[in-house]
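Some notes on the structure that comes next.
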Amino acid sequence: MKALLVLLLLAQLCSASLVPEREKDPEYWRRQAQETLRNALRLQRLNQNVAKNLILFLGDGMGVSTVTAARILKGQLHGQGEESLLEMDKFPFVALAKTYNTNAQVPDSAGTATAYLCGVKANEGTLGVSAGVTRDRCNTTKGQEVTSILRWAKEAGKAVGIVTTTRVTHATPSAAYAHSANRDWYSDGEMPPDALEGGCKDIARQLVENIPDIEVILGGGRKYMYPRNASDVEYPHEEKQRGTRLDGRNLVQAWREAKPRSKVAEYVWHRRGLLALNLTRVDFLLGLFEPGDMMYELDRNNDTDPSLSEMVSVAIRMLQKNPRGFFLLVEGGRIDHGHHEGKAKQALHEAVELDRAIGLATRLTSTQDTLSVVTADHSHVFTFGGYTPRGNPIFGLAPMQSDVDRKPFTSILYGNGPGYKIVAGERENVSAVDFGA
């Protein structure tokens, strides 16, 4: 009991010492409130310009708890903490979104992508089609296709682009150009015989054929563009990275051949090749930097794979050449993957990198002619709480034990999945776990 009291006293002392001196002065908070009010009043003078450019940033699986934890992580990476701001926090307007699929209480990224890109709610697992399409049923697709904002921008004479940290045929980006009864039909190698016989096209083929004049496509997904068992350029000896196509087509070559001879179309698979491009001489750009999804930011090979920020920088500079403006879809897609795997460290660093890309885009554009929107498609069973003191490492243990089971705890945890564990009917003792992995 004495030991517990000592620990509680130490925790209280530590908490008191964490408060900056300026924050002990009530005037500090009053001045901050006045500045916030002044900024709000300035927003009454609305920017009524018609946006020439639109950038849509999508944090896949980036719910409110992820944003909060990512804000703290960003601050701690820069010697700050809870008081720091994300780039998205600096936007003038904020709102909450209600998400669901037409047949699902908890939505997936395919149905939601159809909603925010095409303006039509759809069934779980379907892409670019109405709710009249049943997942896996190729024969329900015809006549149910819906068009996206990317196509609308193209028809308005604007340049368009897609940047993602997932494969470019993944759920979020593919809703911009594809119509599919199953989000997993990346190539014909993933499609069932009845779908192939029914005339449905795989998503990679639709990327090349449906809207052949997309100016910028950057992300992962090389293997879905090449014939089955074709060796990968970067991993020639790894069987799982080989091509998957059953039709024997080389879709990268098909992508090139679909461009007018008077235009310059560049394909790159290496960071060095991307950054060496003279963008003033490039009309179309396809960059596929991994056979599947791109590496997590923490695992990324800085020599071979570009960061999301680097891809966004290239995309904006390419698209800005069109005097009529542009539409750019930017996805931080591996936030979602990190959460699915119960890897908070990966997920939150992905969110911080997306935020870095948002800041870069803000500097490369002007609010006078560019509308930037940051949103998410769904959240995760990722929770944040536990009364840890200010300044506690976001991935660390709290300096005290739980008053319920007398075990140590972290401030972030998962409600189910790989990040949630019960041992002998009780909560796992996380002091023996590498919670920073």
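Note: Cβ is positioned from N, Cα and C throughout, glycine not excepted.
What TrEMBL records for Ser109 is active site, phosphoserine intermediate. Its Cβ placed at the centre, Ser109 (active site, phosphoserine intermediate) has 26 other Cβ atoms within 10 Å.
Taken from TrEMBL, the feature Mg(2+) binding site covers Asp60, His170, Thr172, Glu331. Taking a C-beta cut-off of under 8 angstroms and a sequence separation of 6 or more, Glu331 (Mg(2+) binding site) has the following same-chain neighbours: Phe57, Leu58, Gly59, Asp60, Ile162, Val163, Thr164, Thr165, Thr166, Thr172, Pro173.
Of all Cβ atoms in the shown protein chains, 17 besides its own fall within 10 Å of the Cβ of His340 (Zn(2+) binding site). Residues annotated as Zn(2+) binding site in TrEMBL: Asp60, Asp336, His340, Asp377, His378.
Marked as signal peptide by TrEMBL: 1-16.
Compute the center of the Cβ atoms of Asp60, His170, Thr172, Glu331, which mark the site for Mg(2+); besides them, the chain residues with Cβ within 8 Å of that center are Leu58, Ser109, Ala113, Thr164, Thr165, Thr166, Ala171, Pro173, Gly332, Gly333, Asp336, Asp377. Working note on the binding-site residues His170, His378: by count of other C-beta atoms within 10 Å of each C-beta, His170 ranks first.
In this structure the alpha carbons, written CA, of Asp377 (Zn(2+) binding site) and His170 (Mg(2+) binding site) are 14 Å apart.
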